[in-house]
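Student: Quick one: structure below, then a few questions.
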Amino acid sequence: MAGIFSLGGNNNNNGDEEEENQQQQKTNWVWYRSNANTNNINPSSSQQVWQIPPEQMLMHHHSHPQQQSLDLYPGHQIDVSDLATSSRSITISCRDCGNQAKKDCTHMRCRTCCKSRGFDCSTHVRSTWIPVARRRERQQQLHMSTSGGGGGSGSGGAGGGGSSIPKRHRDPTLPGTSSSSRLPSHSAGLEMGEASFPGEVSSDALFRCVKMSGVDDGGDGQYAYQTTVNIGGHLFKGILYDQGPESSYMSGGSGGSDHQSSSAGGGGGGHPFNPPVVTDGGGGVSSAMFVDPNSGGYYSSNMTTSVFMPPGTQFYQNPPRS
């Protein structure tokens, strides 16, 4: 049934007796529309007008106490008979806190308020949610209890605390580093494969002044000193960048030279492993940053086998061999 529309009218008279008589003799005409015959072409066949006695209307109202009526204007009402679907979307609020009440709570309260007041309700169910840490701990304890033999006895000490979770063993050394790549200050020497190098060396060396300029510098560069030494039968090359006046730059090494090696090539904007263009101090000819170690003016044969190198100096790892 789609709906019941009351079409009967109320005629108000001046006399009280006539009004009571008319109310007793009043009949209600109801317009009924059938939804089962919607496919019929004739519209009059799906619409009927019924007459409902007052006694049946009174019994209908008493049998449906939850039925609602909307007053459009005096004398005409719309009775909403299908409340089953509309009641599903209605939410009940808690009488204490105003939050949404539990659906099955007979006291119309939320779980917290209903439980705090001590009401006997079926919604007082303990939550089955377990934190992740406790679940992981239970799984580990179950795994240790199921593991047999020496595995169970060895892991029993770790799980004896209950709350302590065994962790992985962490390597104290950083990834990508090794003890052989760092030179400790207290070590007397460094051994790499078959070669053995001293921890500190001191000797005379020839430093050549060169002008360093990058590709994006636009011709502006800075002066640096380049040298090549022989230590332990191996050839080492390096460039010493200008670090500024001695008063503004505190040297970290024990040498008294005004020019120190840069740890990352920050002084000239270039890196020793990616050398920029080198220009000689006197001439304007640009050349690559490679010097022949066998030249008499640059490398002396009577040079001692050791030379002083302050800590932090970087060299070419693979120098060209003649």
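These residue numbers are counts, starting from 1, taken along the chain as shown.
Cβ atoms here come from the backbone N, Cα and C positions, even for glycine.
Just lifted these from Swiss-Prot, have a look:
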- 94-121: DNA-binding region (DNA_BIND)
- Cys94, Cys110, Cys114, Cys121: Zn(2+) 2 binding site (BINDING)
- 147-163: compositional bias 'Gly residues' (COMPBIAS)
- 175-184: compositional bias 'Polar residues' (COMPBIAS)
- 1-25: region 'Disordered' (REGION)
- 132-196: region 'Disordered' (REGION)
- 247-286: region 'Disordered' (REGION)
- 231-234: motif 'Required for homo- and heterodimerization' (MOTIF)
Student: Measure from the Cβ of Cys114 (Zn(2+) 2 binding site) and count the other Cβ atoms within 10 Å, all protein chains considered.
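Tutor: So the Cβ neighbour count for Cys114 (Zn(2+) 2 binding site) comes to 23.
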Student: Within the same chain, and leaving aside Cys94, Cys110, Cys114, Cys121, name every residue whose CB is within 8 angstroms of the centroid of the CB atoms belonging to the recorded Zn(2+) 2 site, in sequence order.
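Tutor: Here the non-site neighbours turn out to be Asp96, Ala101, Lys102, Cys105, His107, Met108, Arg109, Arg111, Thr112, Cys113, Lys115, Phe119, Thr123.
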Student: On a count of neighbouring CB atoms within 10 A, which of the binding-site residues Cys94, Cys110, Cys121 is highest?
Tutor: Cys110
Student: Translate the DSSP assignment of Cys114 (Zn(2+) 2 binding site) into the three-state scheme.
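Tutor: Helix, per DSSP.
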Student: Averaged over the motif 'Required for homo- and heterodimerization' (231-234), what pLDDT does the prediction give?
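Tutor: The predicted confidence over the motif 'Required for homo- and heterodimerization' (231-234), as a mean pLDDT, is 84.
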